[in-house]
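Undergrad: Here it is, the structure, as structure tokens.
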């Protein structure tokens, strides 16, 4: 092999390595239960959506049977994916899990932690997973999944600062994506309170989903409930223009009824490099 040929090969490899990205998602799959996974085409449609992502936070997991059935379908269609999941959470008989599904051939799970919530600030405590990867320039980061209580959004958003501070100490990284259903828009959070909350006023946190976005699947609402927040070295690693809402009704050529049978939310997505 000539020196020129070798140099071309090296440059080709470098260019492809630097172009590598991870696609991150967050998806509130409305009341995902063992009953819901029995609906016609539900598993197939949800799996096709989740296969878009290398790591995805999932909210409103009602029982572990449902999420494991989804994981099995995702792996049947294209894995390998693995799962980390919180305990059931909630102050009443109504409980939810937060789950994070990830491609085990692209990222390695280093640890996971649920915020202990010493002051009982959260209905459902944030759940964080710490990942290592060789796929991107950013090799070490964590994804914190959240589902904030609609009637207590402002207080829970303020408390997320404490949850983040705790998770950074336990997991040993300040590079976070705080992802999920914040319910931080429309009737649950005024524009004034949005700009007054601790996450917005603390410059460690960058909101990535535009407040004008619509993350709801209903044709009758226009609300940016679902958000990404970036911290640390995640901020410069976000691929420009990659933060999107995935409208699966149009993207998968579904009827409105078929789309609403999946969820009342669309997933949000972003890429890291």
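Note: Cβ is positioned from N, Cα and C throughout, glycine not excepted.
Pulled from TrEMBL, these are the listed features:
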- 1-20: signal peptide (SIGNAL)
- 39-265: domain 'Endonuclease/exonuclease/phosphatase' (DOMAIN)
- 96: active site (ACT_SITE)
- 147: active site (ACT_SITE)
- 186-223: disulfide bond (DISULFID)
Undergrad: Hey, does DSSP put residue 96 (active site) in a helix, a strand, or just coil?
TA: strand
Undergrad: How many Å lie between the Cα of residue 96 (active site) and the Cα of residue 223 (disulfide bond)?
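TA: Cα of residue 96 (active site) to Cα of residue 223 (disulfide bond) measures 22 Å after rounding.
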Undergrad: Whose Cβ, among the disulfide-bonded residues 186, 223, has more other Cβ atoms within 10 Å than any of the rest?
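TA: Selected residue: 223.
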Undergrad: Can you tell me the CA-to-CA distance separating residue 186 (disulfide bond) and residue 147 (active site), as a whole number of Å?
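TA: The Cα atom of residue 186 (disulfide bond) is 16 Å away from the Cα atom of residue 147 (active site).
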Undergrad: I'd like the number of other C-beta atoms within 10 A of the C-beta of residue 96 (active site), please.
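TA: I get 19 for this one.
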Undergrad: Limited to the domain 'Endonuclease/exonuclease/phosphatase' (39-265), I'd like the whole-number average of pLDDT.
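TA: Within the domain 'Endonuclease/exonuclease/phosphatase' (39-265), the model's average pLDDT equals 98.
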Undergrad: Across all chains shown, how many C-beta atoms besides its own are within 10 angstroms of the C-beta of residue 147 (active site)?
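TA: Summing over all protein chains shown, residue 147 (active site) has 28 other Cβ atoms within 10 Å.
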Undergrad: I'm trying to understand the geometry here, so how far is the Cα atom of residue 223 (disulfide bond) from the Cα atom of residue 147 (active site), in Å to the nearest whole number?
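TA: Given the Cα positions, residue 223 (disulfide bond) is 15 Å from residue 147 (active site).
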